[in-house]
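K.L.:
The following block contains the structure, expressed as structure tokens.
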Amino acid sequence: VTGVLDDCLCDIESIDDFNTFKIFPKIQKLQERDYFRYYKVNLKRPCPFWADDGHCSIKDCHVEPCPESKIPVGIKAGSSNKYSKAANNSKELEDCEQANKLGAVNSTLSNQSKEAFIDWARYDDSQDHFCELDDERSPDAQYVDLLLNPERYTGYKGPSAWRVWNSIYEENCFKPRSVYRPLNPLAPSRGGDDGESFYTWLEGLCLEKRVFYKLISGLHASINLHLCANYLLEETWGKPRWGPNVKEFTRRFDPAETKGEGPRRLKNLYFLYLIELRALSKVAPYFERAVVDLYTGNGHEDAESKALLLDIFRDTKSFHMHFDEKSMFAGDKKGAKSLKEEFRLHFKNISRIMDCVGCDKCRLWGKLQTQGLGTALKILFSEKEIQSLPENSPSKGFQLTRQEIVALVNAFGRLSTSIKELQNFKVLLQQTR
């Protein structure tokens, strides 16, 4: 895959170099820090669209929740100390440790801060989200250590997995039923059409709807790349060996094997990378304020995490070929507003479909990456609010929860890894020829 991407003025080689030398090493380090490795998720929510097939019984599908004792005290206590200047004195840590019931969380807050939190809650409940969020207070929501539950090929495949992606594409990509996505085994027989009518249809769409399809296709390509790169190659004496599977990669992406579809999917991966990169550069002012802490309760680590995050923001801003989202939703105000709302509702629906994934590990990473992309979209459509944030007081008008921050960074980390893995597969393919 080479050359310039459609719908933006950026070439693939520039992204490869930028990702390999600047972003990938830093984002890997950031994902290992406590603030970003613990993600709260409810893996027991029922599928809202069809009767569940039952969870897969493959042992690699299992997700190991994090024991209470391992979760950093500042994360466990919720967001109450996120903006506290004196967040690391021992009195406050004691308060955190006692914060078993919700009331105790507020014991260190001034009335002014309490009002700010109520404002945030109202704001978070507003029609702002592109994702269906898990209720973190649900007894079924558990913390998961992402480093101990890596995304990889678990053996979950076949009709159940296909139904999830089919539902996403067929019902949520603004698509008429008469136009079939190429190589979709669940679509009726297409006769002589090899999917080109799909691309003719796609070209005729407005930019926003084309972008929506590309984001979903890019996410699908990225997840498939992770599975090819971290594949169960063999299991001898109960010891599994994971690694890149060139045959599987070829099956999913080779032009000959996919009737030319594979390279298109990979281009959409690069497009998605650009969108999330743009969101990171846009949200930088939110985090640059001294009032924002990445609070875990360990002052030294928190300061280092924030410094590393700001360093990544500097890199994202230095990239010269960003996607220009100003061209989106730029028509007449009424039409633009209803299209944006349609965009949001379609994406929200996709986040609900992730509760239909039968494999817990796939569900965990599907939910996280969908929430990360939803957060990126929320950022791109909140530019004015971000630019007018107050420097030294909690945000009104734009707010990110810890969950959204963790999802945003890890989702972008996954895309960065996909592009790096793609370089590795290029080398492996040259060696096998």
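Any Cβ shown, glycine's included, is placed from N, Cα and C.
According to TrEMBL, the protein has these features:
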type     : residues                                       : note
ACT_SITE : CYS359                                         : active site, nucleophile
ACT_SITE : CYS362                                         : active site
BINDING  : ARG152, THR154, TRP165, SER217, HIS220, ARG252 : FAD binding site
DISULFID : CYS56-CYS61                                    : disulfide bond
DISULFID : CYS359-CYS362                                  : disulfide bond
K.L.:
Hey, how far is ARG252 (FAD binding site) from the residue listed as 'active site, nucleophile', Cα to Cα, in Å?
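P.N.:
Between the Cα atoms of ARG252 (FAD binding site) and the residue listed as 'active site, nucleophile', the distance comes to 20 Å.
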K.L.:
Of the recorded positions CYS61, CYS359, CYS362, which one has its Cα closest to the Cα of THR154 (FAD binding site)?
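P.N.:
Of the recorded positions CYS61, CYS359, CYS362, CYS61 has its Cα closest to that of THR154 (FAD binding site).
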K.L.:
Need this for a regression test: binding-site residues ARG152, TRP165, SER217, HIS220, filtered to those with Cα within 10 Å of the residue listed as 'active site'. What's left?
P.N.:
ARG152
K.L.:
Suppose we draw a 10 Å sphere around the Cβ of ARG152 (FAD binding site). How many other Cβ atoms does it contain, all chains included?
P.N.:
19
K.L.:
Could you list the residues of the same chain, at least six apart in sequence, whose Cβ is under 8 A from the Cβ of HIS220 (FAD binding site)?
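P.N.:
The list for HIS220 (FAD binding site) reads TRP165, ILE168, ARG265, given in order along the sequence.
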K.L.:
Which entry in the list of recorded positions, CYS61, CYS359, CYS362, has its Cβ near the fewest other Cβ atoms, using 10 Å as the limit?
P.N.:
CYS61
K.L.:
Name the one residue among CYS61, ARG152, SER217 whose Cα is closest in three-dimensional space to that of CYS359 (active site, nucleophile); these are the recorded positions.
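P.N.:
Closest recorded candidate to CYS359 (active site, nucleophile) by Cα: CYS61.
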K.L.:
What is the interatomic distance between the Cα atoms of SER217 (FAD binding site) and CYS61 (disulfide bond), given in whole Å?
P.N.:
23
K.L.:
Reported as an integer number of Å, what is the Cα distance between ARG152 (FAD binding site) and CYS61 (disulfide bond)?
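P.N.:
One finds 9 Å between the Cα atoms of these residues.
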K.L.:
Quick one: among the binding-site residues THR154, SER217, which has the most Cβ atoms sitting within 10 Å of its own Cβ?
P.N.:
SER217
